[in-house]
Every structure is written in structure tokens, then in C-alpha cells.
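J.: Questions regarding the structure given below will be posed in turn.
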Amino acid sequence: MNIHEYQGKGILKQFGVAVPKGIVAFSAEEAKQAAEQLFEEQSSPVVVVKAQIHAGGRGKAGGVKLAKSPEEVFEIAQKMLGATLVTHQTGPEGKEVRRLLIEEGMNIDKEFYLGITLDRTTSSNVLMVSTEGGMEIEKVAEETPEKLLKIHVDPVYGLQGFQARKAAFFLGLQGEQFRNGVKFIEALYNAYTTIDASLAEINPLVITKEGRVLALDAKINFDDNALYRHSDFHDLRDITEEDPLEYEASKSNLNYVRLDGNVGCMVNGAGLAMGTMDLIQLSGGRPANFLDVGGGASSKTVEEGFKIILGDKNVKAILVNIFGGIVRCDRVAGGIIEAAKNIGLKVPVIVRLEGTNATEAQKMLDESGLNLISAKGLRDAAEKVQKALATA
């Protein structure tokens, strides 16, 4: 689960992570009032107006502006709220700006990168620091890897003092800045583990000319599998930032990711789902989604899956590819037939079922009298997808 920058900073602040003073605003008038308050409390001649969307690259897209007065903040907020911000992470459709973060201005001396995430290869957390603050860390790792330090942290023992100091040394911090940097890194790691985050990213981490170490931007992602331990975090979810179909799928516990293709797919198992997407591509189509219904696919699960797939108007055909190991193919076939009757399928559905009771399942589909096309293997399924698209 993703959250907004201001929400992430609010959580980090509770763990002693230093963040700038900031106030969230949902209207231009609220933004002006927030600016008035900040100008009274700060010595900086400017405040920062930051669009709050679930995407990076806001600065380059015009989503971060400096203002020298509350009146200027009001004007910026009027233009920014309700506007669509297009960044390299939003796609061409962009995201609508519905809230702003008004933040105190900083007298910045240096900018760095600091991030913590899970490294599945080593089964450990990895602390990453770079002298290239404000840059995309993937680009830094590819083009200037010598400017990036990775420190693997054993999740059992946690972050050790020498590791935090090593990271601060790498950034070239000295004296009071060094001590503040170590304290910041330790506080961030504590927050990351306590809240069960999958990512805690500070980009940039800034050193002010007064020696303060602050998170100028913060990105926090939660591990969805651990959200049951943090019931208070559910209120932080902003469904307006999510794809409507992906949100509906999450309510039915379906693993669904929307893509930009024309062939919907319903599969049990992530590996088979990825293979099916390749099959669709090789057949001349483009996958419209990733949908894993899991090992215990039921009639209700299948019906919900069809509803979500058909919610995408670009879908011209559907490929159902099920391997019946735990789940029985005849049960899945029954679910497909029932769903087809209830929903009223108007696009061709190609169904490939292999495994337990596959023969019975094929017979059920053939005798259903519905627009269900059974396939007897991957090659046959590919050919029938191709044919369905040609007549769509």
C-alpha cells in the first residue's frame, strides 16, 4: 500500500526522523492559511507548495513550486488543485492533484539519497546511500555505481551502529552533521521495521547550512501482507490514487494488475500467469492484465475475476488458463459457465484447462451452449486467441 508524502513524513516524525514543518491543504484557501502560519514560524523567505500524488518526478512536471507570500501560495494552489500532473511514473494519463503539502523553505547545503528496502536475493534488508540526491536511484546504480553504497542488514540483529556510521562516512559527513546523520539513519531503520514497510526512501536527504539533517521528501510503502498488524494504517489509503479495477480486485483478494492490452487473462499461479501473458503477446495480442485467482479458485472468485477483466473496455477477448492441481478443473468450468450466464459475456472466451478432472471440464464447456471456446493445449489456445482477435 502506498501513501502520500505528508502521511509518510507524519509517521516518520513519530520515530524521531527529522522532517520539515508542513501542513496539508485541500483547497487554495487552506493553502494560504497554512502559508501564513509557516511564514510566522520560520525565518526562510519562501515556502514550498508540493502536489501530493502517488508518483515521483513531481518537480520536473511542475508539481513543486516556491512561493514568497501567502498570496502567491493561493495563486499556485488555485492552478495546481484539480490539474492533471503527468510524470515519468504516472503514464500519459497522469494523476489529478487533490491535495497539497505546504512546507517550510530550506537553506540547503547538500543533497543525498537514503533508502531502505528488502533484498530478496540475500533475504535481508538493504540500506542504500548515495551522494547523488534528487536523482533516480536506478539511474545512479546503472551509470555511476561508485556513488552508491549498499549495506545489507540482517533482519534478526537489525541495523548496527557501525553500519550507520559507515553510511554517514560514505556521504562525507563530519562533526555535528555526522552525528545527526547517524541518528537520522538509525531512526529511519527503526521506523521501517516497526511499521512493516517494504520501502522507506528519503530522496533527497538534505543537510542545511545550519547543520540540520532532514527528509526533504519521503516515500513509504507498506507490506500489504502485514497490514493486519496496523489497522490504523488503513485510513491512510487514498483510493482515488489507485486504479479502480485494481481496487475492486483487492476487495476480492484477487492479484490483479491492469495493463494496456486487448486480451484479458485469468490464471491460477503467478508463474503460469506470466507465461500466459507471453503466450498472448506471441499470438499477436497484448495482455490487458495480470490476474492470478490463486490455488483455491471458486465459482465466486471466477465470476469476480470476469467482472474485473470486463471492466476494462479495451478487452476484446479473454484467455482462461488453469492448471488443476489443488483446484479441480470441473469446479472451475462450473464457475466459468455460471459467471458467463450471470454477467452475459459478449467477448470470446478461450478456456484451457489441464489437470484434475480436465476431461469432465472440457465436456461441460462444450455442452454449455455459451460463447466459450475450449483449447487443448497452449499452442491451440494461442491459435484460438489469434483467431478471436481477427474477428473482434
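Note that Cβ sites are derived from N, Cα and C of the backbone, with glycine treated the same way.
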J.: Looking at Swiss-Prot, GLY57, ARG58, GLY59, GLU103, MET106, GLU111 are annotated for ATP. Which of LYS50, LYS95 sits in that same site?
T.: LYS50
J.: Given that Swiss-Prot annotates GLY325, ILE326, VAL327 as binding substrate, state which candidate in ASN262, ASN268, ASN289, ASN371 belongs to that site as well.
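T.: Among the candidates, Swiss-Prot records only ASN268 at this substrate site.
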J.: May I ask which of the binding-site residues ARG58, GLY59, MET106, GLU111 is closest to GLY325 (substrate binding site) if we compare their C-alpha atoms?
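T.: With Cα distances computed to GLY325 (substrate binding site), the winner among ARG58, GLY59, MET106, GLU111 is ARG58.
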J.: What three-state secondary structure does DSSP assign to GLY325 (substrate binding site)?
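T.: Where GLY325 (substrate binding site) sits, the three-state DSSP reduction gives coil.
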J.: I'd like the number of other C-beta atoms within 10 A of the C-beta of GLY57 (ATP binding site), please.
T.: 14
